[in-house]
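*Asks:* The active site, nucleophile annotation in TrEMBL covers A:Thr193. Annotation comment: TrEMBL describes A:Thr156, A:Lys182, A:Thr193, A:Glu280, A:Asn404, A:Ser409 as substrate binding site.
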Number of protein chains: 2
Amino acid sequence: MPVNLPELDPSQLHPVAGVELGIASAGVKTPGRRDVLVMRLAEGSRVAGVFTLNKFCAAPVRLCREHLGVRGDIRALVVNTGNANAGTGLDGLARAQRICDALAGHLAVQPQQVLPFSTGVILEPLPADKIVDALPDAIADLAPTHWAEAARAIMTTDVAPKAASRQVQIGGKTVTITGISKGAGMIHPNMATMLGYVATDATVSQAVLQKLAKWTADRSFNSITVDGDTSTNDSYILIATGAAGNAEIADETSADFVAFRDALLAVAQTLAQAIIRDGEGATKFMTVNVEGGKSWDECKAVGYAIARSPLIKTAFFASDPNLGRILCAIGYSAVDDLDVETLEVWLGDVLVAEKGGRAASYTEEQGQRVMQQAEITVTVKLNRGSEAATVWTCDFSYDYVKINADYRS
Amino acid sequence: MPVNLPELDPSQLHPVAGVELGIASAGVKTPGRRDVLVMRLAEGSRVAGVFTLNKFCAAPVRLCREHLGVRGDIRALVVNTGNANAGTGLDGLARAQRICDALAGHLAVQPQQVLPFSTGVILEPLPADKIVDALPDAIADLAPTHWAEAARAIMTTDVAPKAASRQVQIGGKTVTITGISKGAGMIHPNMATMLGYVATDATVSQAVLQKLAKWTADRSFNSITVDGDTSTNDSYILIATGAAGNAEIADETSADFVAFRDALLAVAQTLAQAIIRDGEGATKFMTVNVEGGKSWDECKAVGYAIARSPLIKTAFFASDPNLGRILCAIGYSAVDDLDVETLEVWLGDVLVAEKGGRAASYTEEQGQRVMQQAEITVTVKLNRGSEAATVWTCDFSYDYVKINADYRS
């Protein structure tokens with residue numbers, strides 16, 4: 001069961017003016033499953049995206065990059081679950097293109113104004129015809145209120161749907177930010193995430209939107225890991241319809257920019273953390289704070305070394321304060337000139353290690369007390385600079401093995 | 001149970017003239033366990049070592065580096081299991097030093113002629129007094145024939161002891177190479193391994209010995225992974241007593257050098273592979289060959305991306321040819337300009353993927369047939385150069401989680 005992931009309350013998901021969502025059943029993998037999502041965007045919407053750096057990136061990711069490169073006026077997104085259309089070569093590209101063509105025809109836009117997405121098993125041909133056949137039903141279902149249904153439609157091994165919503169005042173106007181995400185395994189995003197879609201009715205310049213896509217991804221989806229596997233299909237899409245009527249956010253020093261950026265980050269972080277709370281087999285939610293580094297990159301490297309370690313993750317599963325494993329991971333993280341004598345390791349509010357060894361004040365009882373909790377924070381103070389970074393992860397349980405040994409069957 | 005690891009046959013382990021081994025019980029962690037090993041080397045022996053690059057390297061590793069740096073005439077090694085003496089700060093160094101002092105006193109050599117080693121739990125004070133008290137028993141037990149007992153003495157979570165032995169003709173003399181190793185978890189050696197000791201009676205120059213320690217480590221202990229965790233205590237020690245009486249091996253272009261190097265590599269690879277066969281929870285032994293690369297480093301990076309992936313390792317545990325996960329791992333390995341269109345992926349003798357997608361000739365039945373085997377070879381042909389590297393790993397099972405959730409209790 002997900003770790004402290006509140007049940008989705010559709011009434012808490014504010015519609016975003018200019019965005020409609022429609023769901024249909026194509027039976028890509030499971031007959032009857034509502035597995036296709038279409039998002040229609042009002043004319044004038046701006047879209048920015050960041051995508052996986054995996055060289056075997058999926059066919060739809062390649063088309064997304066191409067379409068976003070050609071023109072800014074994206075009018076629709078189409079997502080299927082059940083098949084990733086990755087490792088499918090030129091044939092996979094043709095199939096993704098066919099879906100864009102069909103949706104563009106229905107909506108009377110150009111195929112390059114459509115962004116396609118797929119998630120599911122890799123190396124299998126995408127049943128594009130089934131998806132094309134389901135498009136009319138999805139279009140008939142289009143409504144601004146279907147965010148919760150959309151979150152459900154894009155799930156794979158997720159146990160629970162993931163969504164977040166927030167409203168903020170920008171220049172006297174109420175601006176809405178609502179997003180959905182999916183993902184539970186093959187999670188170690190690199191520049192992007194599994195699938196994350198965040199829409200706002202704010203008016204934002206294209207340059208600021210693209211910059212914020214990267215900035216918020218780095219601090220949310222790019223700061224999580226379940227298993228260290230960077231997916232072939234990671235995509236994070238930011239949509240700004242401009243329907244809120246605020247003065248365009250273009251100046252990065254303005255109070256409006258800061259208010260909008262912070263609200264956007266809060267939504268993106270909630271969505272990214274939801275993926276970890278629903279991580280495959282997760283029983284614990286772990287926050288790894290690394291402070292006092294010389295750079296954000298080195299803090300992130302230390303954080304990820306801890307968050308990726310199967311030895312640490314199994315110890316957390318067992319609620320066993322086997323904390324030497326944390327020191328070990330810090331020691332092999334890629335920070336070349338690290339001085340182990342000056343750093344500190346904290347488990348919750350308990351000082352565990354300092355001066356290269358166990359803290360004199362530490363007792364096994366203190367460690368046990370923190371390890372029993374469902375949400376645990378590990379803090380590493382590098383004490384050599386002023387930068388900080390946070391990484392979120394989950395523990396490693398029998399169920400992770402079970403889920404991934406069974407996934408295709 | 002270990003994967004195809006033959007039961008240790010003490011009669012197959014040739015003694016190495018100039019090396020004696022003695023075992024005793026100190027009760028470091030488990031009362032009555034024979035957990036301390038002393039190796040005594042004849043005068044004139046040469047020793048080379050490679051050690052973990054983990055910044056939180058253990059106190060004994062620091063002393064080993066120091067002692068090997070000060071003088072070449074090492075006369076004894078002392079190893080304990082049950083406690084790693086890592087993450088123990090200055091106090092840990094003092095405790096390791098006390099053991100060296102005591103052993104040096106008994107053997108009438110200098111403390112700097114002793115190399116100490118520890119393996120076991122991290123972040124706990126080493127009970128050095130218990131080990132010091134056990135030294136006389138270990139010395140009384142010294143004999144050239146105790147290799148099998150030594151292999152057993154250094155085990156931690158290992159299910160089976162690991163040793164290998166080989167004889168080769170060098171310049172008309174019979175030269176013996178015998179070694180032992182231990183390790184099953186926290187295995188992702190970086191420049192070294194868990195604990196590996198290889199001794200030979202060959203006469204080898206110090207320069208060649210040091211070079212061969214690195215060269216053979218890179219192709220054996222540094223080519224394996226169980227869980228991606230680089231230990232704090234990895235050490236690989238090469239001993240050459242010179243008792244065989246061959247002409248010194250100092251010329252790297254000589255036939256003697258090649259014959260010796262190849263025999264040494266065979267012993268080191270057998271020992272390293274034994275660690276994988278006994279990997280925590282292992283049910284499959286996987287060989288990952290990466291060929292046709294521009295450099296050995298890039299081949300190794302692709303091999304390790306595959307060998308580390310929890311998704312691939314759980315699929316192998318399930319005998320499920322979910323081979324898209326292999327493409328995914330190749331895609332996120334750190335090879336920047338990889339062309340996925342030109343590479344090939346083979347599972348055993350079956351072509352799985354080419355031209356960026358699944359091979360036209362591939363069938364699920366072919367994949368299933370190979371996946372049922374206990375030993376599976378994955379071959380990646382990068383088709384862009386002439387370099388190659390091999391990495392060995394095991395699958396990821398329920399028992400890995402069980403072993404590591406229970407390890408301290």
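The backbone N, Cα and C atoms fix where each Cβ goes, and this holds for glycine too.
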*Asks:* Using Cβ atoms only, which residues of the same chain lie under 8 Å from A:Glu280 (substrate binding site) while being at least 6 residues apart in sequence?
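*Replies:* Long-range Cβ contacts: A:Thr157, A:Ala184, A:Gly185, A:Val226, A:Asp227, A:Asp399, A:Tyr400, A:Ile403, A:Asn404.
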*Asks:* By the count of other Cβ atoms within 10 Å, pick out the sparsest of the binding-site residues A:Thr156, A:Asn404.
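*Replies:* Among the binding-site residues A:Thr156, A:Asn404, the lowest count of other Cβ atoms within 10 Å belongs to A:Thr156.
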*Asks:* Among all the protein chains here, how many other CB atoms are within 10 A of the CB of A:Lys182 (substrate binding site)?
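*Replies:* Around A:Lys182 (substrate binding site), other Cβ atoms within 10 Å: 27.
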*Asks:* Is any of the binding-site residues A:Thr156, A:Lys182, A:Glu280, A:Asn404 near chain B, in the sense of a CB under 8 A from one of its CBs, and if so which?
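*Replies:* Near chain B: A:Asn404.
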*Asks:* Going by DSSP, is A:Glu280 (substrate binding site) sitting in a helix, a strand, or coil?
*Replies:* coil
*Asks:* Look up A:Asn404 (substrate binding site) in the DSSP assignment and reduce it to helix, strand or coil.
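*Replies:* Going by the DSSP assignment, A:Asn404 (substrate binding site) falls within a helical segment, counted as helix.
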